[in-house]
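Below is one structure, written out as structure tokens; the observations come after it.
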Amino acid sequence: MLSLKLPRLLSINQVPKGYREQGILFGYRPPRSSAADCLLSVFQMTNETLNIWTHFVPAWYFVWTLVGRLQGPGGQEDPHAWPLLAYLLTCCIYPLASSCAHTFSTMSTRTRHICYFFDYAALSMYSLGSALAYSAYIFPAEWVNSTFHHCYVPIAVFNTVISTSLSCYSRFLEVERPRFSKASRMLAFVYPYLFDSIPLFYRFYLCAVESCTEAAILVHYKHTVFAFLTCFIFASHLPERLAPGHFDYIGHSHQVFHVCGIISTHFQMEAIMMDMAERHGRLLPTSLLPSSLQTLGSMGICVAVSLAVIGLCSMSLRFMPEPLQR
């Protein structure tokens, strides 16, 4: 262990174009690092270090929450709990996938793309997990058992497939058309979020028009504010865009994006649990809840299709030339 050396860091002009981040001038890891170098870099201050830890640590908080629900009263035996458990599982997976992607993304260009393919697929699955929980616990009373309610989860499954496909495809445009690639990736995740939130936005509207006494609404407001803040930070590249080189290691937009995203997920989880406790058995009788088979079926379909998309995109990477390192 004493003979191991930390990877040498590079400047923006020393890495290929696909590795460069706007406003980040220093702290890049070598683009052809070994797996051991990538793991060592987790304990070295690079421009990716906090990207890794800001998702790795919260992932275990969500794992702890999921285990607590599984071991709590009812657990998986409670028919009302299956959508929540599926949602919590996706909350565990997406930050872990992101942390792994940031850790091993400098092994090679192809490995970098594949790592982020899995990252995007995990985010898309999180969108589906949110839709399953929303369908079971947060739908307005007058929408329960409506046509939209019955179509809500199938549409969310379709959105998940489209989100994974579009976000993975956007990586092929990253070097030649970076702005279009970024816009495609944002659309891939913003659209499913907006669709999933339609029942929640309607509840916000009702609370604005009528008196609202539901405690969960305030927490939903907090989740929504942080969700839009997350999107804004991802799109704006602030603050490093205003002061290139000053936020290379601490405080750049992707770190803030991670933190805001995790806080948003935390408030979303708390609000869903509050709605579940307050509305348990009142809005959705067991006959209208997604069964364990339906929940696992929806998740299974999306996992299978996402893996197929990742496999197809990974095979297509063979036709992309490996950029030369200066």
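Note that Cβ sites are derived from N, Cα and C of the backbone, with glycine treated the same way.
Keep in mind it's a predicted model, so treat the numbers as computed, not measured.
Features of the protein shown, as given by TrEMBL:
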TRANSMEM  52-72  transmembrane segment
TRANSMEM  84-104  transmembrane segment
BINDING   H102, H254, H258  Zn(2+) binding site
TRANSMEM  116-140  transmembrane segment
TRANSMEM  185-205  transmembrane segment
TRANSMEM  217-235  transmembrane segment
TRANSMEM  296-317  transmembrane segment
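Each of E48, L50, N51, I52, T54, H55, S98, Q255, F257 belongs to the same chain as H102, H254, H258, is absent from that list, and has a C-beta within 8 angstroms of the C-beta centroid marking the Zn(2+) site.
Taking Cβ-Cβ distances under 8 Å and a sequence separation of 6 or more, the neighbours of H102 (Zn(2+) binding site) in its chain are E48, N51, I52, H55. Least packed by the Cβ count within 10 Å, out of the binding-site residues H254, H258, is H254.
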